[in-house]
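*Asks:* The following block contains the structure, expressed as structure tokens.
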Amino acid sequence: MSIKNICCIGAGYVGGPTMAVIAKNNPHINITIVDINADRIAAWNDSDLSKLPIFEPGLSEIVKATRNKNLFFSTDINTAIDKSEMIFISVNTPTKTYGKGKGMAADLKYIELCARNIAEIAKTDKIVVEKSTLPVRTAEAIKSILDNSGSDVKFDILSNPEFLAEGTAIEDLLNPDRVLIGGESDYAIESLASIYASWVPEDKILRTNVWSSELSKLTANAFLAQRISSINSISEICEHTEANVNEVAKAIGMDSRIGSKFLKASVGFGGSCFQKDILNLVYIAKSYNLNEVADYWEQVIIMNDHQKRRFSDRLIKTLYNTVSGKKISMLGWSFKKDTNDTRESAAIYVADHLLSEQAKISVYDPKVSSRKIQTDLNYLGTRTEEENKEGVECVDSPYDALVDAHAIAIMTEWDEFKTYDWETIYTKMKKPAFIFDGRNLLDKSEMIKIGFEYYSIGQ
Ligand code: NAD
Ligand code: UGA
């Protein structure tokens, strides 16, 4: 069967860009992205493309070319399910914050709601595609819900995890290293493969069983995060030995067996997925009593928490053991450059620690709103909303953030930070003027020449 109508449940960082790219490359397929969040859908439909809910380089151009032609955004979930032959589930799967598995397991309540919604509405056969990242064997639960709908509708379940990274989502979708499709039914697998084949070379479309596909996604994220924690652990040794972590990363990365990517030491990885997916993997291992496996992967998270904490500890220690009443300027709040996403950003945890030490924080981020910054801090529940408001000011110009600052903390590797007039910034700061470069973004010798006390990671 050739697919003519697709529904994607979840208009988020994955659903939006992924469907936009599928729509662009398959003009003969109508795609409706649906969401329970009416504000989000309204933003996707905004005629002002700068108001799209997600910032990703290249996204607005593709939305402009496809929206209301073969790409639609709607809150009418039932109609979209009803008329589609293929339904992607691309809703969030956060770490559970309650009950069994709290703080570890993935919360699958949104996935289950989608499955129940599909079971209730579907009158014709459907291919249901897991796009969300899910624990291995989730397809079993989805199938059980769908097969007990009381109707004789036939459901095929596919696992098709997404590997895009934020900030490069469109590039990653247009030129993926691979597309992974796990399933049982050849017909369902080939229906989905043919959609990707309109722009992805055939040898990059992998077919596996459902469980390998589900587990490969968690494994890929665990391996990527593990590389960062590994190099970050070495960065701490570097700081005690005068070795330079950039030099070490280059030296080991030139070994083709190791490879050069994902070896950038930093203040710690953030983002909505690495931590959540590793915790999920740890939980799965524990649920099979594989305690050594669980401990092995948990260490990646322990190391990452340590890296964030030691960044703020070092800042406080260097500022003569107190930041009370001192202005600390944070450059960057998003978890990486070229995204407005702040989920699990290291900046949140560093700011929270500094606020507990009574610092006054000024934040500038080119894409993150002050409301989002306050929401992120309030979510931690460390202090009242009023106290967070008092402790943190968010400014629209980086130079405002830096006036009279005792120290600058670079939290995100936004390119524009490199282009600032650092000599002028130096004159505006309290002396000694400290920079704590959590991304090794600036040129150390240049900063020292200007007069800064410059601290970076692993150098
Ligand atoms: P997101 O929070 O940005 O978007 C999820 C959307 O689903 C939200 O808008 C929410 O309102 C909607 N939703 C939740 N329940 C719903 C329901 N029952 N009906 C309709 N809409 C519903 O999440 P995301 O970042 O797009 O991630 C989605 C999934 O993709 C997660 O499993 C994540 O692990 C995975 N993933 C994310 C990325 C990434 O870079 N963000 C990359 C690869 C995989
Ligand atoms: C990551 C994976 O790279 C994607 O393949 C995956 O699809 C996605 O998670 C997901 O499942 O959500 P993402 O979190 O968007 O993508 O961004 P990354 O580029 O992986 O960066 C994650 C964090 O690690 C960022 O905070 C980044 O600054 C940090 N990082 C990355 C480092 O500190 N050092 C590095 O060398 C690379």
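Backbone N, Cα and C define each Cβ position, glycine as well.
Below are the features I grabbed from TrEMBL:
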- CYS273: active site, nucleophile (ACT_SITE)
- 10-15, ASP35, ARG40, 91-95, 132-133, GLU166, 273-276, ARG343: NAD(+) binding site (BINDING)
- 162-166, 217-221, ARG257, 264-270, 335-336, ARG439: substrate binding site (BINDING)
- 329-444: domain 'UDP-glucose/GDP-mannose dehydrogenase C-terminal' (DOMAIN)
*Asks:* Given TYR13, ASN92, THR95, GLU166, CYS273, PHE335 as the recorded positions, which ones have a Cβ positioned under 6 Å from some atom of ligand 1?
*Replies:* TYR13, ASN92, GLU166, CYS273
*Asks:* Please count the residues of the domain 'UDP-glucose/GDP-mannose dehydrogenase C-terminal' (329-444) that DSSP assigns to helix (H, G, I), strand (E, B) and coil.
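*Replies:* Helix (H, G, I), strand (E, B), coil: 47 helix, 19 strand, 50 coil.
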*Asks:* What residues, ordered by sequence, lie under 8 A Cβ-to-Cβ from GLU166 (NAD(+) binding site) and sit at least six positions away in the same chain?
*Replies:* TYR13, GLU56, GLY271, PHE335, LYS336, ASP338, THR339, ASP341
*Asks:* Measuring Cα to Cα, how many angstrom lie between ALA165 (substrate binding site) and GLY10 (NAD(+) binding site)?
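*Replies:* Distance between the two Cα atoms comes out at 17 Å.
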*Asks:* Select the closest residue to ASP35 (NAD(+) binding site) from the following recorded positions, measuring between CA atoms: ASN221, ALA265, CYS273.
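*Replies:* Going through ASN221, ALA265, CYS273 one by one, the closest to ASP35 (NAD(+) binding site) is CYS273.
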*Asks:* What mean pLDDT does the predicted model reach across the domain 'UDP-glucose/GDP-mannose dehydrogenase C-terminal' (329-444)?
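*Replies:* Per the prediction, mean pLDDT sits at 97 for the domain 'UDP-glucose/GDP-mannose dehydrogenase C-terminal' (329-444).
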*Asks:* Measure the Cβ-based neighbour count of ASP35 (NAD(+) binding site), defined as the other Cβ atoms within 10 Å of its Cβ.
*Replies:* 23
*Asks:* Counting other Cβ atoms within 10 Å of each residue's Cβ, which of the recorded positions ALA165, LEU218, ALA265, CYS273 comes out lowest?
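*Replies:* Minimum Cβ neighbour count within 10 Å, taken over the recorded positions ALA165, LEU218, ALA265, CYS273, occurs at ALA165.
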*Asks:* Near ASN221 (substrate binding site), which residues of its own chain have a C-beta under 8 A away, given they sit six or more steps off in sequence?
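*Replies:* When sequence neighbours closer than 6 are ignored, ASN221 (substrate binding site) has THR133, CYS273, PHE274, ASP277, ILE278 within Cβ distance under 8 Å.
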